[in-house]
Structures are given as C-alpha cells and as structure tokens.
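Asker: Encoded as structure tokens, here's the structure I'll be asking about.
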Amino acid sequence: MSQTATVDHVVAPDSGKGAVDYIRNGKGIVSWLTTIDHKRIGLMYLGSVVLAFLVGGLFALAVRLELLTPSRTIMSAAGYNQAYTLHGAVMVFLFIIPSIPASLGNFLIPIMVGAKDVAFPKLNLFSLYIFWIGALITLSSLVLGGIDTGWTFYVPYSSRVSTTAVVNVTLGAFIMGFSSILTGLNFIVTMHKLRAPGMSWYRMPLLCWALYATSLVQIVATPVLGITLLLLIFERAFQIGIFDPALGGDPVLFQHFFWFYSHPAVYIMILPGFGIISELIAVHSRRKVFGYKAIAFSSVAIALIGFLVWGHHMFVSGQSELAGTIFSFLTFIVAIPSGIKVFNWTSTLWGGSIKLDTPMLYALVFLILFTIGGLTGVFLGMLGVDLHLHDTYFVVAHFHYVMVGGTAVAFFGGLFHWWPKMTGKMYSEKGGAVSAILVFIGFNMTFFTQFFLGSRGMPRRYYNYLDQFQPLHAFSTVGSWVLGAGFALGIVTLLVSLKNGKQAPANPWGGLSLEWQTASPPITENFESTPVVTHGAYDYPLAQGQKEHA
Amino acid sequence: MNKPHINIDSFWLPRQSSTLAEKVDFGYYAAYWTGIVFFLLITGATVYLVLKYRRRTEKDKTSPIAHNTALEVTWSLIPLVILIWLFFVGLRSYVYASVAPAESYEIKVTGEMYLWTFIYPDGTAVVNELAVPKGRPVKLIMSSKDVLHSLYIPEFRVKQDVVPGLYTTIWFNATNAGDTALLCTEYCGSGHSDMLATVKVLEESDFEKWIEQQSGPSDLPPEELGKLLYAKKSCATCHSVDGSPMQGPTFKGIFGRNEEFSDGSRVAVDENYIRESILNPQAKVVKGFPAVMPTFRGLLKDREIDALIAYLKTVK
Amino acid sequence: MSSSAEAHVANGEKSPQFHVAHHFPTADIQFNSGKMGIWLFLVTEILLFGGMFCSFAIFRSWYLGGFVEAHHHLDRVMGGINTIVLICSSLTMALAVRAAQTTNKKAVTVLLGLTLAFAATFLVIKYFEYSHKFHDGLLPGIHFTATGFQEPREAGIFFAIYFMMTGIHGFHVLAGMGLITWILIRNLKGQFSSRYYAPVEGVGLYWHLVDLIWIYLFPLLYLVG
C-alpha cells in the first residue's frame with residue numbers, strides 16, 4: 001500500500017512484530033468476560049449496542065408499519081404505545097448514549113493518546129457489567145408487562161396511572177447511568193494523565209476533544225437523572241407525593257429535572273458524532289483540519305451552554321413566560337458552536353485530496369442530514385413557532401435528523417473507518433457504499449415526510465390519526481423499509497468481512513493519528529514501546545513533505 | 001367515530017383561522033427561508049468541493065491553511081445576528097399569544113382520559129365540541145382531572161399543556177367560520193389519539209342560538225335522544241356499538257349481558273348497573289379493561305341517563 | 001516521596017506492597033490519576049444530592065407553613081448527637097490517612113476501627129429516629145397518618161424529602177463502612193505504607209463528603225425546616 005509512504009517520518013514503534021494482537025491474546029469466553037483490556041471491552045460494548053440497535057430498530061419498523069393505516073393495522077393501541085416507548089427507551093438508553101463513547105471511544109482513546117489502557121481498567125470492566133445489568137433489567141420489562149409511558153416517563157401518568165412495568169425500565173436506566181458516569185470519569189482521567197510524551201492537548205485527535213466534552217456532560221448531568229428516576233420509582237412504589245399533584249406534588253418539576261439531564265444528554269449523544277465526523281473528513285481528505293481549535297472548543301462550549309437550555313422542551317408545559325423567553329434565547333446561542341463546526345468541516349474539504357471511501361460517504365450523509373436537523377431546530381427554538389410545532393411530527397422528524405442522521409450515521413461511518421483497525425479485516429467497499437446511499441435515501445423518505453405531517457398539525461404518539469394524513473404516513477412507512485435495509489446491509493457487510501475480508505494493513509486510509517501507527521488489530525498494550533509524538537494529528541502537509549506553514 | 005378535519009390550504013401549514021396564525025406563520029417562514037439559504041450554501045459548497053478536490057494521485061499535496069480569523073469571525077457573527085433576529089420574531093408572536101385581551105369570552109376546559117369538557121359562562125357543559133364565536137377573543141382556562149394533556153388547535157396555531165392541579169390558559173380570535181380539529185398533544189394513555197374534539201367557529205348570531213340549543217332538544221323520543229347523547233357526550237370514544245373492543249367494553253348486546261368484573265364478581269347488566277357505571281364508573285370495572293372511565297356526574301341530567309338506557313336496550 | 005518511588009521503578013526492585021499497575025508509566029501518575037478519579041466521583045455525588053436539595057428548596061418555598069410545622073417533629077437532640085458522631089468519625093478518618101502516610105500500621109488499624117464504630121453509632125441512632133417516625137405515622141405522601149397537623153399533605157411531602165435525603169445519605173454511610181472495612185483488611189495484610197496509601201486517602205475523601213453532606217442536611221431539615 002502506497003499510503004504508508006506518507007507516514008514514514010512518524011516517530012512510532014515498528015508495530016506488530018513479536019507480540020500477539022489483542023484478539024488472539026487469550027482464548028475462550030472467560031478470557032473475554034474477565035479482560036481489562038480497553039479494546040476487548042470496547043468490542044463487547046460494540047456488540048451490545050449493535051444488538052440494542054437491532055432491537056430498537058425492530059420496534060421502529062413495527063411502529064411505522066402500524067402507522068400505515070389511520071386505525072388498527074397490526075396491533076392494538078396499547079401494543080402501539082408499548083412499541084414506540086420501547087423503541088425510544090432502547091434507542092436512547094441502550095444504543096445512542098453508550099454507542100460511540102463506550103464502544104469506539106473505549107477502543108480508541110487510549111490508542112489515540114498513546115497510552116496502554118484507560119486510567120482505571122478494572123473500573124472500565126465494572127462499567128460494562130453495570131451496563132449489562134441495567135440493560136437486562138430494562139429489557140426484562142418486555143416479558144413483565146412492557147411499558148407505555150413514552151421514553152420521557154412524564155408523571156403522573158407514569159407514577160400513578162400506567163399499569164405497565166415502569167419501574168423495571170426506570171431502574172434499568174438508573175443503573176446504566178452509573179456505567180455512563182464511570183466511563184466518562186475514566187476517559188477524563190485518561191486524557192489528563194496518560195497522554196504519551198509529546199502528545200499536547202492541541203495534538204490530540206478531535207475525537208478525543210469531543211469525547212472529553214461528552215464525558216464532562218456525563219459526569220455532571222447523569223447524577224441528576226439518577227435522582228429523578230429514583231424519585232419517580234419511589235413515587236410509583238410508595239406514592240410519596242413529590243411529583244403527583246393529587247398529593248400536593250408538582251408534575252412540571254419532574255419535567256424540569258428530567259430535561260436538566262435529558263437535554264445535556266442530547267449532547268452526550270451528538271458530541272461524539274461530531275468528533276467522528278472531524279476524523280473522517282480530515283483523514284479521507286488528507287487535509288489539515290480547518291479551525292482545529294474552533295472545533296475543539298465549540299465542543300466544550302456546547303457541553304457547557306447545553307446545561308442552560310433544558311427549558312426549551314417545556315415552552316407549552318406551564319412554565320413561566322419569562323423562563324420560556326430566557327431558555328429560547330440561550331437555545332439560539334447554543335446553535336452558534338454547532339454552526340461553526342459545520343462551516344469548519346466544509347472548509348476542510350477545500351484544498352483536500354478527497355476519496356469517497358465508505359466512511360467518507362457516511363460523513364457526507366451526516367453533513368447533509370445534520371444540517372437539516374440543526375436548521376429545523378431553529379423553528380422549534382422560536383417561541384411562537386413552537387406553539388404550533390411542539391409535540392408534533394415536526395419535532396419527531398427534527399430529533400431523528402439529529403440523532404439518527406447525526407449520531408447513528410456518524411457511528412456507522414466511524415465503524416467503517418476503524419473496522420480494519422479493530423478487526424484486521426477489510427470489508428467490501430461496494431457493500432459499504434450501497435448501504436450509505438440506501439440510508440441516505442431511506443432516511444429522507446421516512447423523516448422528511450414527517451416535517452410535512454408535523455407542520456400540518458399531526459401530533460406525535462398517535463395510534464389513530466386523521467384520515468387526511470394517510471398518504472404521507474404511508475410514504476414514511478415505505479421509507480422506513482429502505483432505511484432498515486440500508487442499516488442491515490451495512491451490518492451484514494461488516495460481518496461478512498470477518499469471514500471473507502482481506503487482511504487489513506496497519507494504515508489503510510493514510511491517517512496520521514497514533515491508532516494508524518500500530519498494527520491492525522493492535523497488540524494487547526497497543527504499542528511495542530511508548531510512542532513519542534512530534535506533530536499534530538492532522539499534519540498532512542508536513543507528512544507530504546511540504547514546508548511548515550506559519 | 002366521526003373524526004374532525006384540519007383544513008390545509010398551503011404547501012406546509014394549515015389554513016390560518018385565527019389572528020395569531022398569521023404571526024406564527026411569519027416566524028415559520030422566516031426560519032424556513034433562512035434554513036433554505038443556509039442549506040443550499042452548505043450542501044452546495046460540499047458537493048462542489050468534493051467534486052473539485054477529489055483525489056487524483058496518492059501523492060496529492062493538500063492545503064496547509066488551517067485557519068482564517070476574518071472568515072471564522074464572519075461565519076460566527078452573521079449567523080448570530082440572524083439567530084437573534086429570529087429569536088425576536090419568535091418572541092413577538094409568543095407575547096401576542098400570551099396576553100389575552102381583557103374583554104375575552106371565557107370558557108373553562110377540563111381534560112381527562114379521554115375527553116374534553118367545555119363549560120360556558122352560563123354553566124352549559126359540552127363534551128368534545130367547542131363552539132366559539134367568530135371575530136371575538138376567546139380565552140380557555142384549562143385544567144386536568146388526571147394526567148397531563150395538551151390542547152392543540154392546528155388552524156389557530158395554539159397549544160398549551162393541561163396540567164392537573166394548575167390552571168393554564170390560551171386565547172385566540174377565530175377568523176374563519178366552519179369546523180376544525182382540536183387534538184390532545186400530550187401523551188395520556190391508550191386513548192390519547194382518540195381524545196379529539198371539533199371546534200365550531202360560528203357567526204355571533206349562530207353562536208347565541210347554539211348556546212340556547214345546548215339545554216337540549218326535548219321532543220325527541222328517548223331512544224333517539226340516547227343515540228344523540230352517545231355521540232355527543234363522547235361515549236363513542238371508548239365504547240363501540242358494532243362489537244369491536246375499544247378502551248371500554250362494547251355496547252353491542254350490553255343490556256342483559258352477564259359481565260364479569262375485575263374483582264371476580266358478576267352481574268347481569270340492568271338499568272341500575274348502567275346508571276351506576278355512568279355516575280360512579282370505578283365501582284364495578286369489567287374484567288380486562290383499564291379503570292379509566294371518568295364520571296359523568298353533573299354532565300348528564302336524569303332524563304338524559306334514562307334516554308341513554310333506552311338507547312342501549314336497542315343496541316343488539 | 002515521589003522521587004523515591006520513581007527510583008524504585010527505575011531499579012525494577014518493586015517491594016511486594018508496592019503496586020504500580022501495568023499501564024501507568026510511574027507511581028506518581030498512578031497516584032494522581034486515582035486522586036483525580038475520586039474527586040470527579042465526588043462531583044457526581046454532590047450533583048446527586050444537589051437534585052434533592054433543589055427539590056427541598058422548591059417545596060419549602062411553596063409549602064413554608066407545612067414544612068415549618070413538620071420539622072418540629074424531628075428529634076434535634078438525636079440529630080445533634082449524630083452530627084457530633086460524624087464529625088468525630090471524620091477526624092479519626094483523617095488521622096488514619098495521616099498514619100498510613102507515615103507507615104504506622106497499628107495506628108491505622110485502631111483509627112479505622114474507631115471510624116467504623118462511629119459510623120455504626122450513627123446508624124443505630126438513625127434507626128431509633130426512624131422507628132419513632134414510623135410509630136407516629138410521620139411518613140411520606142399517601143402513608144402520612146399522623147393527626148393534628150394543619151397541613152398534612154405538605155407535611156407528607158416534607159417527610160418524603162426527609163426520608164429520601166437521610167435514607168440515601170444512610171445508604172452512603174453503609175457503603176462507606178464497607179469501604180473502610182475493605183481498607184482495614186488490606187491494612188492488616190500490610191499493604192499500605194508511605195509509598196502506597198492511595199486507597200486509604202480515596203476512601204477518606206469519600207468519607208469526608210458523606211460527613212459534609214450530613215453537615216448540610218442537619219441544619220436544613222432539623223433546624224431551619
């Protein structure tokens with residue numbers, strides 16, 4: 001491979017001679033379940049979240065199928081309410097929140113900063129077990145009565161009226177919260193204390209910056225969700241009266257608590273996606289990132305300002321007009337750093353050497369879908385316009401553009417990008433490219449339609465809907481099949497490569513960050529000897545023999 | 001069940017049927033055109049750059065330019081200015097929507113699983129039908145009896161959560177006579193999507209007539225009046241007459257049917273049981289159905305209950 | 001201390017009590033990492049309790065009368081004694097850390113034992129307080145059965161918050177006792193010295209936080225109401 005020519009100046013060890021790679025170092029299921037190697041833990045997280053994605057995806061397809069006709073199609077109203085609630089809860093708590101940080105982040109952060117492992121490897125394994133336990137408790141609701149409250153668990157419906165297994169799901173989410181907290185804590189300490197010699201903050205890959213910001217939010221926001229869910233559990237089990245208006249409590253307080261976590265949680269979900277897109281665009285354009293510091297600090301800015309905008313979920317909830325006004329204003333301010341990122345990514349393409357490998361295709365899909373997601377967020381941030389659009393399909397479409405078109409697409413892009421590194425196998429470019437295109441088409445069919453539905457007054461969480469909306473709903477349902485096929489093809493392409501894929505070179509894309517300077521797959525402690533870093537993660541001009549640019 | 005209809009007369013939005021609608025839509029289109037411009041800029045630039053700078057050889061040299069302060073300040077400040085403008089546009093219609101004129105006609109609204117009750121100043125209570133005079137500001141004072149609901153009238157562009165233990169308000173000034181839809185937009189349980197009402201916008205004189213009529217047509221035979229009440233008082237939201245199960249048991253063949261209750265006891269349905277179930281629905285709950293029926297105490301007069309019983313005897 | 005620790009690594013002569021995990025370049029970095037991890041964890045603990053302090057503040061401002069009325073039913077003497085007990089336990093904990101730093105194994109054992117004893121005393125007193133409340137029907141929300149209150153519903157919410165906060169705090173005391181027992185056993189095995197005492201210090205920091213939270217809980221619930 002000629003790409004290796006671009007990296008021969010890097011002061012890094014000649015990797016992969018002698019030591020055994022991390023996959024073959026230790027055989028049998030016990031060696032995996034007791035491992036403290038961050039790469040193996042990352043891989044186990046990866047398997048878990050992809051499984052959760054499939055479960056959540058099946059619920060999504062069921063929901064869309066039910067909505068093919070205005071009244072009953074395949075299930076009862078109660079069944080429908082459970083299907084969309086489980087879709088939301090599984091996707092949010094079991095897939096999106098852990099997806100990028102716990103799987104790719106776990107695998108990559110230590111390698112990217114030149115460390116042998118995360119700061120607390122045993123704690124890392126412990127986090128995985130907590131995640132599994134929480135996930136199992138959540139999923140136990142499937143056989144113990146389901147849940148029909150919506151993933152937001154609004155009281156007093158969730159605390160008094162619903163007869164489903166609300167406690168299982170909230171308790172599971174509460175437990176998984178600790179996994180999230182401990183993972184974030186581990187990452188922050190790792191990046192502070194274990195960077196290799198020469199790895200200054202500004203030489204770190206932007207994925208690290210993004211995950212640093214994510215970890216901050218995880219640590220600060222998740223405990224509040226923890227206490228909120230705990231209060232809800234007590235409210236439901238013992239009727240303690242904090243949230244139930246019949247006992248003097250306040251249901252709007254629950255919403256404040258819930259969104260104080262869950263809005264920052266939106267950034268837990270999207271910031272890692274930002275990080276991945278920064279990597280994909282830079283590496284597949286072989287271009288020094290335009291505005292490195294702007295991208296890095298905008299992540300941190302989003303993480304911080306993101307704590308002050310939770311009330312924009314509650315413009316029509318009964319909170320005061322003044323509060324609504326302040327939250328709306330701050331919402332517009334937090335839009336700026338996201339905009340800056342998009343401009344910087346686009347500018348990074350200028351003067352690059354762009355190759356449309358599968359990861360790059362996913363990055364471009366992200367760029368377009370996230371731009372739509374961001375711009376439609378502006379509608380919802382406007383107080384007056386939100387009066388009309390709140391809790392309609394417009395909101396549903398908007399957050400799917402951000403969460404699926406943003407995070408899930410970034411996750412798949414990242415998966416294709418680092419798959420050769422993680423498994424040592426190259427996948428079929430054709431399969432990857434077709435999956436990216438199918439996802440793009442299917443996604444827009446499914447969700448762009450929903451902007452029409454919402455603008456025209458279709459409320460969300462409706463089992464029976466007005467007949468006039470059927471054509472749009474039917475189109476959206478057909479789109480969901482294309483979208484499902486796209487994601488399925490992506491997963492199949494990767495799985496097939498495990499069996500038939502060619503051996504991956506150490507650096508298939510010609511990247512400069514440290515993970516590309518070690519073997520594919522890496523050895524157990526990542527590097528033969530501690531790497532010494534002499535340049536930034538994206539110093540392509542230097543690697544191409546150009547003179548230092550002032 | 002007859003579902004209401006939303007009139008849609010533009011590509012994106014429902015008909016503007018209140019004085020607020022125009023103001024909200026101005027904000028919508030402000031964001032819309034801003035969005036279109038930025039979207040075209042970003043995707044246009046992306047597509048152009050991807051085509052122009054595609055990889056020719058493995059030895060391509062790439063640009064070392066890593067920042068440009070003037071450019072970066074520009075693309076931060078221009079969006080900031082636009083966003084602050086949009087904030088004020090949104091704020092303007094919000095302020096208009098928040099402050100009801102003092103002379104507004106006040107209607108009390110109660111949301112409960114799964115119906116709306118509208119109580120007029122003269123005490124008239126109507127279920128799932130909101131008649132309002134055209135061209136006169138109307139203020140809804142809303143509260144919930146059980147869980148959260150949200151009252152939404154798309155053609156008026158108004159929406160507000162209806163919260164137990166709290167009064168929330170909205171106001172509007174309807175501009176088009178005719179029927180439109182009122183929907184619940186805060187999830188409230190398995191009948192959430194059936195919690196609909198029809199908004200009737202009437203000319204002032206028709207509105208006065210409508211209010212008078214609500215005291216009830218008296219000359220109908222009991223079966224006919226019962227059938228009318230079945231539809232008007234929203235029994236039809238949860239009870240079918242064709243045998244299909246909904247939120248509640250079907251009315252088909254109900255009279256004389258032997259029902260089993262959640263506590264295991266049984267009774268053959270008679271006049272007393274129907275009366276009790278209307279006034280105190282939780283006393284005996286049919287097995288397999290959630291105990292969610294609201295009481296109709298105060299909403300139905302004795303004569304009307306008799307009429308309903310007479311009607312139910314005819315549903316076979 | 002740090003230079004001697006590094007010297008050990010450089011010479012490769014690790015004593016059996018000297019733990020540097022495989023992925024840390026030096027003992028110093030390991031020590032600092034552990035400390036940073038603990039502090040970050042304490043931040044999350046503060047935020048966890050922050051949510052409850054927040055609901056206390058909100059409901060107190062709404063239901064001032066009911067809260068003032070309800071708080072007279074808390075036992076200030078028992079609460080006061082418990083405050084003193086916890087402050088003492090913090091002192092013995094701090095001294096235990098100091099003793100570990102100076103490789104005084106025996107003192108560490110005694111001081112940790114004392115801390116455990118104080119913690120147990122706290123829980124016993126708490127048990128008596130709780131059983132009085134249960135007996136009098138001073139319970140959260142719908143279970144509130146005490147009579148003679150002007151605002152029983154508000155008092156129910158007060159006791160909901162009281163039981164939540166003190167209950168979760170009590171759970172933390174219990175967890176702290178487990179951790180102290182764990183380092184006590186490790187100390188008995190002779191694993192701590194001036195070169196390696198990070199676990200003692202970490203548990204110490206956690207214990208001080210548990211104490212600190214009580215220092216806020218006591219005046220807010222018992223004295224101010």
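Note that Cβ sites are derived from N, Cα and C of the backbone, with glycine treated the same way.
The domain 'Cytochrome oxidase subunit I profile' annotation in TrEMBL covers A:32-534. Per TrEMBL, transmembrane segment is recorded for A:43-63, A:83-113, A:125-147, A:167-189, A:209-234, A:254-277, A:289-310, A:322-340, A:361-385, A:397-419, A:431-453, A:473-496.
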Asker: Considering pairs 6 or more residues apart, do the transmembrane segment (A:125-147) and the transmembrane segment (A:322-340) have at least three CB pairs under 8 Å?
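Answerer: The transmembrane segment (A:322-340) and the transmembrane segment (A:125-147): touching, no.
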Asker: Cβ under 8 Å, sequence separation of at least 6 from the ends of the transmembrane segment (A:473-496): give me the contacting residues as numbers and ranges.
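Answerer: Answer is 50, 53-54, 57, 60-61, 64-65, 67-68, 70, 408, 412, 415-416, 419, 427-428, 431-432, 434-447, 449-450, 453, 465.
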Asker: Please work out which recorded stretch in A:83-113, A:167-189, A:322-340, A:361-385, A:397-419 has the most C-beta pairs separated by under 8 angstroms from the transmembrane segment (A:254-277)?
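Answerer: Selected stretch: A:397-419, with the most Cβ pairs under 8 Å.
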Asker: Using Cβ atoms only, state whether the transmembrane segment (A:361-385) and the transmembrane segment (A:397-419) have three or more pairs under 8 Å that are 6 or more apart in sequence.
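Answerer: Checked: the transmembrane segment (A:361-385) vs the transmembrane segment (A:397-419), in contact.
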Asker: If we skip the immediate neighbours and take only residues 6+ beyond the ends of the transmembrane segment (A:397-419), which ones have a Cβ under 8 Å from one of its Cβ atoms?
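Answerer: Distant contacts of the transmembrane segment (A:397-419): 46, 53, 91, 96, 99-100, 104, 107-108, 266, 269-270, 272-274, 276-277, 279-280, 283, 357-359, 361-363, 365-366, 369-370, 372-374, 376-377, 379-380, 425, 427, 432, 435-436, 439, 443, 446-451, 453-454, 487, 490, 494, 497, 509, 515.
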Asker: Taking the domain 'Cytochrome oxidase subunit I profile' (A:32-534) alone, what is its mean pLDDT?
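Answerer: Per the prediction, mean pLDDT sits at 94 for the domain 'Cytochrome oxidase subunit I profile' (A:32-534).
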Asker: Please report, as numbers and ranges, the same-chain residues at least 6 past the borders of the transmembrane segment (A:83-113) whose CB is under 8 Å from any CB of it.
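Answerer: Tertiary neighbours of the transmembrane segment (A:83-113) are 38-39, 41-43, 45-46, 48-49, 52-53, 55-56, 59-60, 62-63, 66, 75, 124, 127-128, 131, 134-135, 138-139, 141-142, 146-152, 169, 172-173, 176, 179-180, 183-184, 187, 190-191, 194-196, 199, 204-205, 207-208, 211, 214-215, 218, 265, 268-269, 272-273, 275-276, 403, 407-408, 410-411, 414-415, 418, 422, 461, 513-515, 518, 522, 526, 537.
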